[in-house]
């Protein structure tokens, strides 16, 4: 197959030689000849093959190869006895033209196989080339990646090693296709990574891209987009610039970029000529972008000339290199008379000084008299030539150990062995490096150089002139000094923005639009949610609340009424005063235990009633106390029991009065169970009913504590007893029944003045109690969402219930005992039974005898006679 391809190349070569015009070639004689391929001219327009002379990337790089060859040939330690020659061609910055030129490199190989044997034509004769040049040992070049790719595809057929000094396409690292290619520069994916890191450094997440057609631009921008996606950077629009685009076409590209106003940053992976035209179109349209450009732009003045305003603020990348002072001296001393070996130098001279040798006005000029800017890749050209020389030197030492001349083993040079065994394994200190620089020339297993880039910004200096300023470098990581960049320095204020959507606030997450990872809507999290990530709000859960940074949750403190709270001070004060008042009443009753008022009130039931009132006041302290299992048990037990003690005693009293006077109306016998012991037993039986209900409640719903959070106030966690408010209502239902019955009896006996009108006062007590309960129960259940209001309502209501008993029932008795003692005496009455009607005889004898008198009593419209003072 390779023989067939070589034969086809031979036919193409003969056609090119027969039909093509005469071309310029730089030839230097030598024992071993190195080919050279340089863009001496820029690419031409549609009607011409080549354009103007390319001073920096063409002439300077070509002269750098000649400079390196001169130094090598004079070096007694590198290839001594072997002289290196050159066969240098012009690529005109076009891959097709370069491929035509590169056929010169393989002409000498077309008549021989890889093993040196001569090719045999189909008719049996040997293939011959009458004007075949010296065989090319290796090639230095080309510059552009698409040129190197085309040439590499040709050279590999003839096993000719190739070392490029500027081609950075990632495709060239594929050793299955470019197995004789190496380069002293790193591949573009390092540069693409550096550019993506620059964008991420400035938080530019939405950018446009422009790439030159061809392998350099297209593969470079593909590598950049891959690195950008890994860093969540999105491309708004991707544009390409062609080889022969008109000014209008470049303006169309700029207008396309302007269609994405949020993408203020444009990433360029273009050749220098395309970058120059794009900047010119931008300036004509008075547009403005922040450019981030590859080494195709680099730090070239020719790119920005005439478009300085459009280029201002750009960030560009250039392979890290250092100027070679010896080359600067060499180049500045050149002129057309001492550099006749370079056939393009006279043309360069005329364009550089705008003179003409026909008019003899070029002799007065000198390169030493004009500013000199050394092209940034001169170092890589020199390193490429030295790498080939070191590889040949090592090969010579291995194959020709006994001579400094070429031996038969290197006639011709085996290109496969030269590349595999010597070029890829070469390692030496870079020539002409500064003393403080540690620069080693070597290749990795893909034939690539080591990656390090300098980063520049194009700025306007204080004198109004524009210049490139180095602001950092990239070597497996980004280092930037933003204080040098005018728009990024601290004094500049806000950085230029290039993003599709504004950053979300701390309490918001991104709702990404389909297909646009850089475009989103900001959705606020709920107050009880934290940010699980930048796209998700997560519920903290009941009892937890997001921290200040919304990165997690913390457990909310448990809230309950504390003794020092305003919500506790009022109820506790009322309870304390009520308890003291109860103890005072108890003390007065005990002190006057044998007096008629106390005896007539039913001492045993009064003491039980005072105990219930005191328990009502004590319940305030239990409800204010911090909830615990014991406290919750006491709450359940104490609340219903306190009420049942009070209302059981009152019910027993009113029931007794009702039965007594009910029997008197009907003339019945003395009612049963009206003795003190019976009354206490009835009261205790009624209380035990409440105790049984509470006991069942405690069994069915075990007491304990729980955390409660209202849906509308999740930031508040209340420490509460675990019983339900409905179950509390069930416990109080029994007391409601007692109150209803007690109120009924109080109403029935309201006109009975027995025992100092006690029935009337019991009625007042029950009426007021009903009002309190009718107000308390709705408030208690309506305020269930606010534990403080509910607890305070409960405490005040319970205390009021006790206070009503004290005020309405005991206060009148206390008033008689303390302030009307004359009423607190025994009244003598006739020994007539309470349950018999007063006889006329007794009435006639009223006031006679022993002084006893009958006191008529009217109860509910019936007159009865009471012969006793004490009810018990």
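Residue numbering: from 1, along the chain as shown.
Even glycines carry a Cβ here, placed using N, Cα and C.
Among the candidates 377, 420, 427, the residue that Swiss-Prot names alongside 57, 61, 145, 166, 168, 295 for the L-glutamate site is 377. Identical topological domain names are assigned in Swiss-Prot to residue 592 and residue 657, which places both on one side of the membrane.
Looking at 706-726, 727-747, the range annotated in Swiss-Prot as transmembrane segment turns out to be 727-747. Checking each of the binding-site residues 57, 295, 377 against residue 522 (disulfide bond) by C-alpha distance, the shortest gap belongs to 295.
In the three-state DSSP scheme, residue 57 (L-glutamate binding site) is classed as helix.
Counting only the Cα atoms, the space from residue 286 (N-linked glycosylation site) to residue 61 (L-glutamate binding site) is about 35 angstrom. The CA atom of residue 338 (N-linked glycosylation site) is located 18 Å away from the CA atom of residue 61 (L-glutamate binding site). Counting residue by residue with DSSP, the topological domain 'Extracellular' (701-726) contains 2 helix, 15 strand, 9 coil. Each of 605-625, 634-651, 727-747, 761-781 was scored by its Cβ pairs under 8 Å to the transmembrane segment (799-819), and the highest score goes to 761-781.
DSSP assigns residue 168 (L-glutamate binding site) to coil in the three-state reduction, placing it in neither a helix nor a strand. For residue 407 (disulfide bond), the number of other Cβ atoms no farther than 10 Å from its own Cβ, over all displayed protein chains, is 13.
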